[in-house]
Amino acid sequence: MFYWLYRHLEINILQYISVRAGISFFIAFVLTMYLMPKFIRWARAKKASQPIYELAPENHKIKAGTPTMGGVVFIFSTIIATVLTAKLNNFYIVGGILTLALFSLIGIQDDYSKISKEKNSAGLTPRMKLIFQFLCAASIAGILFLYGHSTELFTPFYKFPLFEMGVFGIVFWMFVIVGSSNAVNLTDGLDGLATVPSILAFSTLSILVYVVGHAVFANYLLFPNIQIAGELAIMGSAICGALIAFLWFNSHPAEVFMGDSGSLPLGAFMGYLAIVAKSEILLLAIGFIFVWETVSVILQVGSYKLRQKRVFLMAPIHHHFEQKGWKENKIIVRFWIIAFMSNLIALLSLKIR
């Protein structure tokens with residue numbers, strides 16, 4: 001809509017991505033702040049709360065009854081803000097909206113299964129969830145490939161591509177999207193723990209897609225120039241605004257959880273932005289907290305299956321620190337600090353190449 005105003009009413013300031021990114025940020029923020037209290041009241045009335053895992057640390061029992069599925073609100077706000085401010089004839093914007101929508105639907109189904117009175121109180125089975133995720137990721141990766149998105153693989157701090165992936169890029173992109181989606185999902189175990197690292201990651205990724213989409217900046221900073229990709233910075237800005245508003249309600253003690261309907265699309269969209277920005281490997285630094293949490297689970301499960309011994313007191317690793325006696329707030333803030341530092345390191349790749 002705002003770009004239409006520029007085209008038809010000649011409001012020139014609205015042609016700039018930076019301006020529309022700022023507008024999308026505030027639209028998503030205000031919309032989430034307005035809708036979230038209404039959603040929380042509705043969810044409490046419907047008793048839409050996720051059961052607490054029986055093996056969770058004892059202090060988690062007080063979280064019983066906290067509404068879940070808050071992700072529906074901030075994903076909805078992000079999409080609305082994007083529709084109002086971005087060019088809807090932009091291929092990458094359409095792909096971003098599709099990514100959020102598809103993975104949000106998977107999360108909604110999983111959350112609904114958990115809070116309903118069905119026998120499957122654990123939600124979708126891990127196998128079914130993974131199948132749906134790979135099907136959605138395959139659709140997105142396939143569309144990117146058919147559109148002609150570059151399949152060159154770049155590494156941080158090096159200006160030349162490592163190699164051309166060709167059609168195998170589809171498989172690689174699928175794993176980036178699904179892996180990122182599940183990594184954020186695993187991290188979402190404490191109040192606000194996944195929210196702030198997500199805000200930081202989307203801020204960094206928004207800068208990166210803006211750079212690769214800008215011919216002058218991409219050339220100066222020795223990045224590949226991905227035409228029209230810069231428009232995705234508007235969508236990244238919108239999701240940051242929505243998440244900051246969500247943090248108002250999700251900070252400790254949380255009034256609402258994002259649920260799988262929030263964490264799955266967040267992670268998938270992170271992967272999508274990294275693919276578009278040709279920063280798939282750099283995503284390991286951008287989302288270091290999410291990687292750390294995922295690796296802790298892999299090590300725990302692998303060690304127990306191979307040696308019948310556990311590496312950590314409990315996995316994901318934030319539960320390990322809880323079992324060691326760390327207070328929830330201390331764990332959360334320390335993880336935020338690590339996320340902040342890892343994103344600063346990732347941003348160094350803009351200049352050091």
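Just so it is clear, glycine is given a Cβ too, placed from its N, Cα and C backbone atoms.
Not measured: the values here are computed from a predicted model.
According to Swiss-Prot:
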TRANSMEM  16-36  transmembrane segment
TRANSMEM  64-84  transmembrane segment
TRANSMEM  88-108  transmembrane segment
TRANSMEM  130-150  transmembrane segment
TRANSMEM  160-180  transmembrane segment
TRANSMEM  198-218  transmembrane segment
TRANSMEM  228-248  transmembrane segment
TRANSMEM  256-276  transmembrane segment
TRANSMEM  281-301  transmembrane segment
TRANSMEM  330-350  transmembrane segment
CB contact flag for the transmembrane segment (228-248) and the transmembrane segment (281-301), at least three pairs under 8 A: no
Region pair the transmembrane segment (281-301) / the transmembrane segment (16-36), three or more CB pairs under 8 Å: no
The transmembrane segment (160-180) vs the transmembrane segment (256-276): 3 or more CB pairs under 8 Å: yes
Intrachain residues whose Cβ lies under 8 Å of the transmembrane segment (88-108), provided they are six or more past its termini: 69, 71-72, 75, 78-79, 82, 124, 129, 132-133, 136, 139-140, 143-144, 147, 177, 181, 228-229, 231-232, 234-235, 259-265, 267-269, 272-273, 276
Stretch of maximal Cβ-Cβ contact with the transmembrane segment (130-150) [cut-off: under 8 Å; candidates 16-36, 64-84, 198-218, 256-276, 330-350]: 256-276
Candidate ranges 198-218, 256-276, 330-350 - greatest C-beta contact count to the transmembrane segment (64-84) (under 8 angstroms): 256-276
Long-range neighbours of the transmembrane segment (16-36), counting only residues six or more past its ends (CB under 8 A): 2-3, 70, 73-74, 76-78, 80-82, 84-86, 206, 210, 213, 230-231, 233-242, 244-246, 248-249, 256
